[in-house]
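A.B. asks: The structure is given below, and queries will be raised subsequently.
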Amino acid sequence: MLRGGSMTAELGVGFALRAVNERVQQSVARRPRDLPAIQPRLVAVSKTKPADMVIEAYGHGQRTFGENYVQELLEKASNPKILSSCPEIKWHFIGHLQKQNVNKLMAVPNLSMLETVDSVKLADKVNSSWQKKGPTEPLKVMVQINTSGEDSKHGLLPSETIAVVEHIKASCPSLEFVGLMTIGSFGHDLSQGPNPDFQRLLTLRRELCEKLGIPVEQVELSMGMSMDFQHAIEVGSTNVRIGSTIFGERDYSKKPALDKTADAKASVPLVQGH
């Protein structure tokens, strides 16, 4: 069974993808029957990795990729080799987004989803920017929740969730609300029971759906990374963000400079576990 980035480097991206997809299906089989029967989406997180590795993963059937930094995503998604070799590619932005970077993000070719809306003001800015682009369909967005309560992580307070989702649905016609996203605390000991941060997101979804009259199966849950994606799927995740297990460990010495407008929180590799 594939566990670490070192094996990925030795055996290749195709082998790693097959192994991850097998583990995804094993986890789906262990999921309680009372959860929505939604096939989890695998987001291959390619941050710090070259275009050739994205193309290799695409060649092995992967279609959805994620990036944490706006500039890196824009450069990678605009790469001529990726544009020509990966016509069906879909990009998710999964990092912290500041309002001054919104227009740059909206210019990303094949942008499919923004997973990290964390305020009404950001939602309004994204809605306006996407509207000006003149798209044929709304941009899919998730609302990010800080379920762990850690200062080092971005996201709404759980108590703010319903109000922000209501605002998006009522006042942002160029956005399509599709789910909730969280990072959660790292290193939870599963012998102590399910990750409480994941459980908190499930509870929030139930409360949200009851309050707004939304069918549960229409609200995705993005939770789980390389170190905990199987547990996340077992408890209900429909979108897992996996990087090093597919592409190998990252060399941060070669990572592109962070967006100049990134704040102190964003400069910390919060989602290094992808």
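Including glycine, each Cβ sits where the backbone N, Cα and C put it.
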A.B. asks: Have a look at Tyr58, Tyr69 and find the one that Swiss-Prot tags as phosphotyrosine.
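C.D. replies: Per Swiss-Prot, the residue annotated as phosphotyrosine is Tyr69.
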A.B. asks: Of the residues Lys104, Lys125, Lys169, give the one that Swiss-Prot describes as N6-succinyllysine.
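C.D. replies: Annotation hit in Swiss-Prot: Lys125.
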A.B. asks: Out of Lys47, Tyr69, Lys125, point to the one nearest Ser226 (phosphoserine) in space (Cα versus Cα); all of them are modified residues in the record.
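C.D. replies: Nearest listed residue in space: Lys47.
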A.B. asks: Counting every protein chain present, what is the number of Cβ atoms, excluding its own, within 10 Å of the Cβ of Tyr69 (phosphotyrosine)?
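C.D. replies: By my count, 24.
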A.B. asks: Could you check the modified residues Lys47, Lys125 and say which one's CB has the fewest neighbouring CB atoms inside 10 Å?
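C.D. replies: Result for the modified residues Lys47, Lys125: minimum number of other Cβ atoms within 10 Å at Lys125.
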A.B. asks: Near the Cβ of Ser244 (phosphoserine), how many other Cβ atoms are there if near means within 10 Å?
C.D. replies: 23
A.B. asks: Would you count the other C-beta atoms found within 10 angstroms of the C-beta of Ser226 (phosphoserine) for me?
C.D. replies: 21
A.B. asks: Counting distance between Cα atoms, which of the modified residues Lys47, Tyr69, Lys125 is nearest Ser244 (phosphoserine)?
C.D. replies: Lys47
